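Supplied in structure tokens, the structure appears directly below.
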Amino acid sequence: MNSMKRYIFGNWKTYKTTQEVKEFFSVLNQTKLTKNPDVVFGVAPVFVHLGLANQLERNECLVLAQDANYVMNKANTGTVSYEQLKDIGVNYVIIGHSERRKLFHESDELINQKVKTLLENKMRPILCIGETLEEYEANKTKAVLKDQLEKDLKGIDSSLLKDLIIAYEPVWAIGTGKTASSQTAQDAIAYIRTVLGLLSSKTIANELPILYGGSVTPDNVSELLAQKDINGALVGGASLDPHKFIQLIEAK
């Protein structure tokens, strides 16, 4: 792995009750973690648990949001704005997750607005991109990634990209138990850097954190993180178990 910081982020989706959130942080807070300044970790609970997670956290665990609305002070029933998140100390936000794209029909144009607004307000979007199984089998991975990056980052000043994090999540590997091989993940993320270099600069492309997401577990995380272009992981199921999450954080 290169010399950049390592990011381990857990996406809890719509799992965990209030009691389960308390139990998770009870275990995490009582664990003496290796204090490595180059490892950044956090979890993304549902909106109603963000305040609770912030109150319970005692081990430098970031609290992330799973989405954000890019408008403020408007009549948008059922959403939470970026400013409201920032107001409670949440600065990292997952944007464009494949489940948001598919289940909520989020377009690249909408995702672009969200990413742009977060960056302009000094927040850190975690932009998720990736291909479906059909696209993967048709050898369209590169075309899909290029198209998503061009649309999702359209009109965003390059100077703002220093706060962007990208998560490559092949849709066919999310929640399926299938994991892209470390080489497949490396190749895709290396290509993402190539496209970023064309859209911004080689310096930005080389310094921007890019994570892998898709059935990451304590058993495969070290091999994935050993790849030169992979700077961390966006983890689903394995992040729900505090003991497994700790293993992910402490992985060598």
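Glycine too: its Cβ is placed from the backbone N, Cα and C atoms.
What Swiss-Prot shows for this protein is this:
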ACT_SITE  H97  active site, electrophile
ACT_SITE  E169  active site, proton acceptor
BINDING   N11, W12, K13, G175, S215, G236, G237  substrate binding site
What residue among the binding-site residues G175, G236, G237 has the most other CB atoms lying within 10 A of its CB?
G236
Any idea what the Cα distance is from H97 (active site, electrophile) over to S215 (substrate binding site), rounded to a whole Å?
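Spelling it out, the Cα of H97 (active site, electrophile) and the Cα of S215 (substrate binding site) are 14 Å apart.
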Enumerate the residues of the same chain, N11, W12, K13, G175, S215, G236, G237 excluded, that satisfy the criterion Cβ within 8 A of the mean position of the Cβ atoms of the recorded substrate site; list them in sequence order.
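Near the substrate site, the remaining chain residues are G10, Y15, I174, V235, A238, S239, L240.
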Would you count the other CB atoms within 10 A of the CB of W12 (substrate binding site), including those on all shown protein chains?
22
